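Accompanying notes for the structure given below.
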Amino acid sequence: ERDLLVAVTMDHELGHNLGIRHDTGSCSCGGYSCVMSPVISHDISKYFSDCSYIQCWDFIMKENPQCILNKHLRTDTVSTPVSGNELLEAGEECDCGTPGNPCCDAATCKLRPGAQCAEGLCCDQCRFKGAGKICRRARGDNPDDRCTGQSADCPRNRFHA
């Protein structure tokens, strides 16, 4: 039960980081107490309330948090390689889950001869898109993101407030 309490407390604090306030009496999660309850109950809940879902969605739509909305780079994940999981892992040049991919050898997870890339916002027909090509359109105050010509990945947004 202590582990559950720690996990729910972490969920609660993470909820605050996602714009979720403490629940009021009008909020419901189907249990006696919800994760964003202002007090800890002996009946520990693992569920967020209807109010929490609305507040989190509002936060994402209004604040446009890039750390949540940006697609991760394929090389961001460190794990045991698994073919076909759409992640580029240690020892793989490309994710070899799709035999029909013209850029990637499905048997070896290596790029086919002459290919620079197999997927990514800056990959087109097995080649890196040219430097300056738009890979992610502007959102709000953030400018367009552009390919570098050296990678298949669209660079992370460089705008800072």
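One is the number of the first residue shown, and numbering goes on along the chain from there.
The backbone N, Cα and C atoms fix where each Cβ goes, glycine too.
Swiss-Prot has this to say about the protein:
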{"type": "ACT_SITE", "residues": "Glu13", "note": "active site"}
{"type": "BINDING", "residues": "His12, His16, His22", "note": "Zn(2+) binding site"}
{"type": "DISULFID", "residues": "Cys27-Cys51", "note": "disulfide bond"}
{"type": "DISULFID", "residues": "Cys29-Cys34", "note": "disulfide bond"}
{"type": "DISULFID", "residues": "Cys94-Cys109", "note": "disulfide bond"}
{"type": "DISULFID", "residues": "Cys96-Cys104", "note": "disulfide bond"}
{"type": "DISULFID", "residues": "Cys103-Cys126", "note": "disulfide bond"}
{"type": "DISULFID", "residues": "Cys117-Cys123", "note": "disulfide bond"}
{"type": "DISULFID", "residues": "Cys122-Cys147", "note": "disulfide bond"}
{"type": "DISULFID", "residues": "Cys135-Cys154", "note": "disulfide bond"}
{"type": "DOMAIN", "residues": "1-72", "note": "domain 'Peptidase M12B'"}
Review point. Can you check what DSSP calls His16 (Zn(2+) binding site), collapsed to helix, strand or coil?
Key: helix
**Study point:** Averaged pLDDT, computed only over the residues in the domain 'Peptidase M12B' (1-72)
**Key:** 86
Check your understanding: To test your reading of the Zn(2+) site: which residues beyond His12, His16, His22, same chain only, put their Cβ within 8 Å of the Cβ centroid of those residues?
Key -> Glu13, Gly15, Ile20, Arg21, Val35, Met36, Pro38
Review point. Which chain-mates of Cys34 (disulfide bond) that are at least 6 residues away have a CB under 8 A from its CB, listed by sequence?
Key: Asp23, Cys27, Ser28, Ser45, Tyr47, Phe48, Ser49, Ser52
Study note, to complete from the structure: Across the binding-site residues (His12, His16, His22), the Cβ with the fewest other Cβ atoms inside 10 Å is that of His16
Practice item. Could you check the disulfide-bonded residues Cys94, Cys117, Cys126 and say which one's CB has the most other CB atoms within 10 Å? Key: Cys94
Study note, to complete from the structure: Expressed in Å to no decimal places, the gap between the Cα atoms of Cys147 (disulfide bond) and His16 (Zn(2+) binding site) is 35
Revision key, fill the gap. A 10 Å Cα radius around Cys94 (disulfide bond) captures, of the recorded positions His16, Cys29, Cys51, Cys123, exactly none
Exercise for review: Any same-chain residues 6+ apart from Cys122 (disulfide bond) with CB under 8 Å of its CB? Would you list them in sequence order, or say none?
Suggested key: Phe128, Lys129, Lys133, Cys135, Cys147, Thr148, Gly149, Ser151, Ala152, Asp153, Cys154
Practice item. Kindly assign Cys104 (disulfide bond) to one of the three DSSP-derived states: helix, strand or coil. Key: strand
Exercise for review: Using DSSP reduced to three states, classify Cys154 (disulfide bond) as helix, strand or coil.
Suggested key: coil
